[in-house]
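Have a look at the structure below before the remarks.
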Amino acid sequence: MASLIAPDNHVPSEDAEALYKACNGWGTNEKAIISILGHRNAAQRKQIRLAYSELFQEDLVKRLESELNGDFEKAVYRWVLDPEDRDAVLANVAIRKSGDYHVIVEIACVLSSEELLAVRRAYHARYKHSLEEDLAAHTTGDIRKLLVGLVTAFRYEGDEINTRLTNSEADILHDAIKDKAFNHEDVIRILTTRSKAQLMATFNRYRDDHGSSITKDLLDEPADEFKTVLRTAIRCLNDHKKYYEKILRNAIKKVGTDEDALTRVIVTRAEKDLNDIKEIYYKRNSVPLDQAVAKDTSGDYKAFLLALLGKEE
């Protein structure tokens with residue numbers, strides 16, 4: 001369930017005019033920007049961007065970038081983009097940050113097949129390269145094989161499960177981990193081609209047959225970059241809401257909040273399932289997520305994140 005609270009009837013031209021006024025007075029009116037953009041869904045934000053461009057012959061995204069700063073600017077910038085364009089930007093930033101693979105894995109493993117395809121198209125349009133081309137250029141060896149396989153997957157989205165495959169592939173994964181053959185071609189094949197329903201059934205069979213989860217068995221092994229990516233992929237494919245809860249928990253608990261992670265999860269999940277993630281967070285931490293965010297952030301950045309969380313200051 002989404003946390004965003006957006007009105008059913010908004011007038012894009014009125015929102016565009018209000019945003020123009022917010023950016024053209026004595027100083028920027030951040031509260032007005034939050035009150036509008038913090039309560040508009042992706043389709044509404046697109047209409048506002050088009051109306052703004054027609055009315056004022058300038059790009060709203062660029063105007064907001066020039067008016068705002070810091071974590072608030074970054075959050076608003078990511079929010080105001082179309083979701084597929086935002087993910088293309090996040091992917092490009094992650095590729096250029098060598099070793100920052102978890103964002104790529106999130107995009108590849110959490111999105112539906114059609115959503116991932118839309119991100120790849122948006123990446124083409126924005127960067128004049130393919131996502132997999134840039135990813136392959138910045139990675140090597142087994143990590144390249146796994147990541148390129150994940151971002152180019154077009155998984156079946158239905159609920160049908162092949163029980164015979166579930167049993168055999170749970171054993172294949174277990175044997176690979178037991179033999180420390182984490183990069184075995186069958187491990188990469190299974191994770192990059194099977195549907196999420198099939199994989200969840202396989203991970204459950206693994207746990208039932210072998211007495212511990214596949215992620216726990218991987219965690220018991222000495223950490224390296226490939227195993228970290230492998231484990232992140234499995235967690236995102238198996239239960240992305242629990243995965244995101246942990247990202248938020250770690251971002252908030254860190255000495256000095258990890259604003260990048262906090263912004264990424266709230267901005268990307270506010271229109272999807274952030275309310276479900278909030279519930280998991282509360283069960284795990286006995287503190288409401290909005291309360292934890294309010295305590296760890298400040299100013300306009302805090303107000304904007306709280307708006308996306310469906311909780312006003």
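Placed from the backbone N, Cα and C atoms, the Cβ positions cover glycine too.
Remark: Lys254 (Ca(2+) 1 binding site) has no non-local neighbours by Cβ distance under 8 Å and separation of at least 6 in sequence. If you look up TrEMBL, you'll see Gly25, Gly27, Glu67, Ile252, Lys254, Gly256, Ala294, Asp296 marked as Ca(2+) 1 binding site.
Under a cutoff of 8 A between CB atoms, and with a sequence separation of 6+ in the same chain, the neighbours of Thr297 (Ca(2+) 2 binding site) are Asp71, Thr257, Glu259, Leu262, Leu305. What TrEMBL lists as Ca(2+) 2 binding site is Thr297.
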I'd like the Cβ neighbour count for Gly25 (Ca(2+) 1 binding site), meaning other Cβ atoms within 10 Å of its Cβ, all protein chains included.
9
When a 10 Å sphere is centred on the Cβ of Asp296 (Ca(2+) 1 binding site), how many other Cβ atoms does it contain?
18
